[in-house]
Amino acid sequence: MGQSQHESVETGGTELFDRYTLPKVALTIILVASLAGTTLTLRLSGVGAVAVVLAKWGYLVALGVLVGGLCWKHLFVRPQDLDDTGSYCERMYDRFESVGLYAAGALALSGVVVLPRYWRSTAGPAVSGLTALVFAGLLVTFAATLFRSGSVDGQFRSPLGLAAFGSAVGLLVATAAAEVSLRGGAVDIVAVRTLHLLAFALWVGGAVWNIFVAVPVGQESPTVPVVRAAGQQLERFRWVVRFVFPTVVVTGLYQAHALFGWNASIYLHSTLGRVIVGKLGLIVVLFVIFKLCPMWRACSPIEGVCDLEELGGGEVSGDD
Ligand code: HEM
């Protein structure tokens, strides 16, 4: 590839990776919506203390970063997407180690506040004990992945990495069951809450990976293969988000109906009802962002890929 073409590729890549204000706005809205959900859930359990609300929210966000991040690491990133399997994936893995370390630390600290609440659950020690066990299992397996981090191929879908991913999803399910059982919830509500939280976790964790891992690493070397691989990863995430939208809305409405029925005056005049309506409004804004965001366009994984195809006109391999 000639000098001018190389420069154009760099420019195309830089434009791609600079264009991510909308994903940051989306992440902020997801965080606000989840804080509203956590406040709602705790209020309904008779807990209003700000410290407890923040601890529970921090716990869910930290868990979401691990669930969504490990999903991106083992499902969306495919080392074989690139010829130079080494550096690009390796730098993303390294960066996720730092992000994941903060998330695991926040989870460990907030868990001290969140988990003891579950001993009061109607399901008793069964659910709360299991939750504590999976919680410990996640922290141990994730810490082990940090100490045993080897080559990209050695880490990708390694038994330890998959065990950490499975533990993170397991903790999410256990937390949903424990939280619902605090209010004596039925099996259908446990299932619906699990889906609501799973959708939230994949969304928030994917958004954090995209903004704090994929984009900064891509900016370091925005070559054609890297931009192309980034586009493929983003497209995989985009497919997940397509399922997240209906899941969050349907499970959210199901929970709202279980709480208040379809009584319009509750949604218009009570604080908790207005919180639910507010969340519906936020999901509409997120949907508009999803449609507008140039990084998530339906016609192509990312706009930069189209630009690069115009520049390169076909097969491109390697950095030269
Ligand atoms: C914008 C995306 C959304 C996110 C990130 C989100 C996240 C959450 C979270 C984290 C919780 C707390 C669960 C817990 O503490 O166990 C929650 C609860 C809840 N969410 Fe959402 N949610 C979203 C959208 C919606 C929508 C659109 C609705 C309804 C139309 C909804 C209705 C509810 C309800 C009713 C609860 C409380 C359930 C209960 O405690 O019985 N959510 N949400």
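For all residues, glycine too, the Cβ spot is worked out from N, Cα and C.
Summarising the annotation, TrEMBL assigns transmembrane segment to 25-45, 57-77, 98-119, 125-147, 159-178, 198-218, 239-260, 266-290. Sequence annotations record features per position, and here TrEMBL assigns domain 'Copper resistance protein D' to 233-293.
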Averaged pLDDT, computed only over the residues in the domain 'Copper resistance protein D' (233-293): 94
Stretch among 25-45, 57-77, 159-178, 198-218, 239-260 sharing the most Cβ pairs under 8 Å with the transmembrane segment (266-290): 25-45
Selected stretch (most C-beta pairs under 8 A with the transmembrane segment (98-119)) from 25-45, 57-77, 159-178, 198-218, 239-260: 57-77
Intrachain residues whose Cβ lies under 8 Å of the transmembrane segment (198-218), provided they are six or more past its termini: 13, 16-17, 20, 23-24, 26-27, 30-31, 34, 37, 60-61, 63-73, 76, 88, 91-92, 95-96, 99, 169, 172-173, 226-227, 230, 233-234, 237, 240-241, 243-244, 247-248, 251
Tertiary contacts of the transmembrane segment (25-45) (same chain, 6+ residues out, Cβ under 8 Å): 52-53, 56-57, 60-61, 64, 179, 182-183, 196, 200, 203-204, 207-208, 211, 259, 272, 275-276, 278-279, 282-283, 285-286, 289-290, 293
Residues in the domain 'Copper resistance protein D' (233-293) grouped by DSSP into helix, strand and remaining coil: 56 helix, 0 strand, 5 coil
